[in-house]
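According to TrEMBL, the protein carries these features:
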ACT_SITE  A:Tyr107  active site
ACT_SITE  A:Asp148  active site, proton donor/acceptor
ACT_SITE  A:His247  active site, proton acceptor
BINDING   A:Asn7, A:Glu34, A:Asp148, A:Asn150, A:Asp246, A:His247  Mg(2+) binding site
DOMAIN    A:4-247  domain 'Endonuclease/exonuclease/phosphatase'
SITE      A:Asn150  site 'Transition state stabilizer'
SITE      A:Asp219  site 'Important for catalytic activity'
SITE      A:His247  site 'Interaction with DNA substrate'
Amino acid sequence: MRLATWNVNSLKMRLPRLVPWLADKQPDVLLLQETKLADAAIPTAEIKEAGYEVATHGDGRWNGVAILSRIGIEDVVRGFAAEPGFPDPETRAISATCGGLRVWSVYVPNGREPDSPHYAYKLSWLAALRDALAADLAMGQPVVVAGDFNVAPTDADVWDPKAFAGSTHVTAPEREALARILAAGFTDVVPTPMKGPHPFTYWDYRAGMFHQNMGMRIDLVYASAGVTVRSAYIDREARKGKGPSDHAPVVVELT
DNA sequence: ATGTCGTGGACGCCACGA
């Protein structure tokens, strides 16, 4: 199975790039984040024409996640048990079974600043996600959870650790929240960067950050035991050219 | 790094989020 995850920063704006990307890369399952579309506005015709079924969880302006699959989508769950909100739950998680694999597409809250209530929300959301994933694992099925975690797991996952002093995405509590998810029964699938030494998946639009490779690895793929990972890479070509997302897709070959 | 995007509401700009 070929599985990919991609924060597209508006599915509406990215559709002209997504459709040829699907034809080129041929993923069996694609996990999307930041679709920024209500479910009723999802371009299902174009997605179906490309050969995929789609399950979505979106509310329109912000957030929004989706699963595209050409190997079936069963048992779709939008959100998860005891999912924290701000104050109400947002559209940040969707899971389904595709080809016998339980897959989750997640868009973790940004957190904004460490002293922000959004940061506390981020930590509580990650803690609740851990519990929901543990419940899925307890059912004995292989699970892959992937998406925009908005946390760089190590200092090697940001272009300059010094530049992130006092910022979110690199704090110890955020990294501990990731560690607790891993401890529930997952392995961090670190993808191969196709250029340079750093497996960055995100580069800010501003200040020529992409061209200077000043990026971050915040789009993560966590695979449970029972999932054999053969290879994984970052499609940085998708970050180039006119009208890209600020995130690159991560593509993983499984079992 | 703070140099750009995308969104929606009221508009050819602004406020917000990232």
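Numbers here mean position along the shown chain, with the first residue as 1.
Every residue gets a Cβ built from N, Cα and C, even glycine.
Fewest other C-beta atoms within 10 Å: among the binding-site residues A:Asn7, A:Asn150, that description fits A:Asn150.
Cβ packing within 10 Å was compared across the recorded positions A:Glu34, A:Asp148, A:Asp219, A:Asp246, and the lowest neighbour count falls to A:Asp246. Between the CA atoms of A:Asp246 (Mg(2+) binding site) and A:Asp219 (site 'Important for catalytic activity') there is a gap of 11 Å, rounded to the nearest whole number. Cα separation, A:Glu34 (Mg(2+) binding site) to the residue listed as 'active site, proton donor/acceptor', rounded: 9 Å. In the three-state DSSP assignment, the secondary structure recorded for A:Asp246 (Mg(2+) binding site) is coil. Secondary structure at A:Asn7 (Mg(2+) binding site), taken from DSSP and collapsed to helix, strand or coil, is strand. Between the C-alpha atoms of A:His247 (active site, proton acceptor) and A:Asn7 (Mg(2+) binding site), the distance comes to 6 Å.
Cα distances from the residue listed as 'active site' to the recorded positions A:Asn7, A:Asp148, A:Asn150, A:Asp219 are smallest for A:Asp148.
Separating the Cα atoms of A:Asp219 (site 'Important for catalytic activity') and A:Asn150 (Mg(2+) binding site) is a whole-number distance of 7 Å. Counting every protein chain shown, the Cβ of A:Tyr107 (active site) has 26 other Cβ atoms within 10 Å. Annotated Mg(2+) site A:Asn7, A:Glu34, A:Asp148, A:Asn150, A:Asp246, A:His247; additional same-chain residues within 8 Å of its Cβ mean position, judged by their own Cβ, are A:Asn9, A:Gln33, A:Tyr107, A:Tyr202, A:Ile218, A:Asp219, A:Ser245.
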